[in-house]
Amino acid sequence: MQFNIPTLLTLFRVILIPFFVVVFYLPFAWAPMVSALIFCIAAITDWFDGFLARRWNQSTRFGAFLDPVADKVLVAIAMVLVTEHYHSWWVTLPAATMIAREIIISALREWMAELGKRSSVAVSWIGKVKTTAQMVALAWLLWRPNIWVEYAGIALFFVAAVLTLWSMLQYLSAARGDLLDQ
């Protein structure tokens, strides 16, 4: 197994997750800001690892496996934390929608890979926009310095949920022929 800079960035993202969770629960006024900062650093590595792997031609099978896993674990844990913090349907509903979509699309990608058609459900531009909206919304909801940032975070969280459903429909449509094939 090769450890290059992109793969190390992905591993760093995974290592940041428990620190992000612990800081989230600390009983200090600075904890939300630092928790959001750790989350943002982890989120930025999600962009950099893929960019550097492509730019430096350092893509590896391990990195291709670990990157989406690290991304989904980071985002799912952040969604669980903000859902717990806010105790409200307007955070829980979009979070549940996005987590369910990730499970559905992960299963679809695995199944399409077994058919040798993984490229038909490759990441699309709408998926990238969705991920950006999720990350920004979650950072704002974790940070929560004032009510306006919280409202903006909740609004963007709903936008991310809509983009999530849109991208899921695109992926299901791309796989429709194989899904409905008898």
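The backbone N, Cα and C atoms fix where each Cβ goes, and this holds for glycine too.
Residues annotated as topological domain 'Cytoplasmic' in Swiss-Prot, with sequence analysis given as evidence: 2-12 (among others). Sequence-remote contacts of a segment are chain residues at least 6 beyond its ends whose Cβ falls under 8 Å from one of its Cβ atoms, and for the topological domain 'Cytoplasmic' (2-12) they are 42, 45, 48-50, 52-53, 56, 58-60, 62-63, 66-67, 70.
The average pLDDT computed for the topological domain 'Periplasmic' (38-60) is 92. Annotation source Swiss-Prot lists topological domain 'Periplasmic' at 38-60 (among others).
Per Swiss-Prot, the feature topological domain 'Cytoplasmic' maps to 82-86 (among others); the stated evidence is sequence analysis.
Among the features that Swiss-Prot reports, topological domain 'Periplasmic' is placed at 108-145 (among others), with the record citing sequence analysis. Proximity of distant same-chain residues to the topological domain 'Periplasmic' (108-145), defined by a Cβ-Cβ separation under 8 Å and at least 6 residues beyond the stretch ends, is recorded for 24, 32-33, 35-36, 39-40, 43, 46, 71, 75, 78-79, 81-82, 85-86, 91, 98, 152-154, 156-157, 159-160, 163-164, 166-167, 170-172, 174-175, 178.
The annotation topological domain 'Cytoplasmic' is assigned in Swiss-Prot to 169-181 (among others) on the grounds of sequence analysis.
Among the features that Swiss-Prot reports, transmembrane segment is placed at 13-37 (among others), with the record citing sequence analysis.
Within the chain, the transmembrane segment (61-81) has long-range Cβ neighbours (under 8 A, six or more residues past its boundaries) at 1-2, 4, 6-7, 10-11, 13-14, 16-17, 20-21, 24, 39, 42-43, 46, 49-50, 53, 95, 98-99, 102, 106, 131, 134-135, 138, 142. Look at Swiss-Prot and you will find 61-81 (among others) tagged as transmembrane segment, backed by sequence analysis.
Outside the transmembrane segment (87-107) by six or more residues, the chain places 68, 72, 75-76, 79-80, 121, 134, 141, 154, 157-158, 160-161, 164-165, 167-168, 171 with a CB less than 8 A from a CB of the stretch. If you look up Swiss-Prot, you'll see 87-107 (among others) marked as transmembrane segment, on the strength of sequence analysis.
Counting same-chain residues at least six beyond the ends of the transmembrane segment (146-168), those with a Cβ under 8 angstroms from any Cβ of the stretch are 90-91, 93-95, 97-98, 101, 104-105, 124, 126-127, 129-130, 133-134, 136-140. Taken from Swiss-Prot, the feature transmembrane segment applies to 146-168 (among others), supported by sequence analysis.
Long-range neighbours of the topological domain 'Periplasmic' (38-60) within the same chain, counting only residues 6 or more positions beyond its ends whose Cβ lies under 8 Å from a Cβ of the stretch, are 1-2, 4-7, 9-10, 12-13, 16-17, 19-20, 23, 67, 70-71, 74, 78, 131, 135, 138-139, 142. Mapped onto DSSP helix, strand and coil, the topological domain 'Periplasmic' (108-145) counts 30 helix, 0 strand, 8 coil. Note on the topological domain 'Cytoplasmic' (82-86): residues 92, 95, 138, 141-142 of its chain, located 6 or more positions outside it, place their CB under 8 angstroms from a CB of the stretch. Each residue of the topological domain 'Cytoplasmic' (2-12) gets a DSSP state, and the totals for helix, strand and coil are 8 helix, 0 strand, 3 coil.
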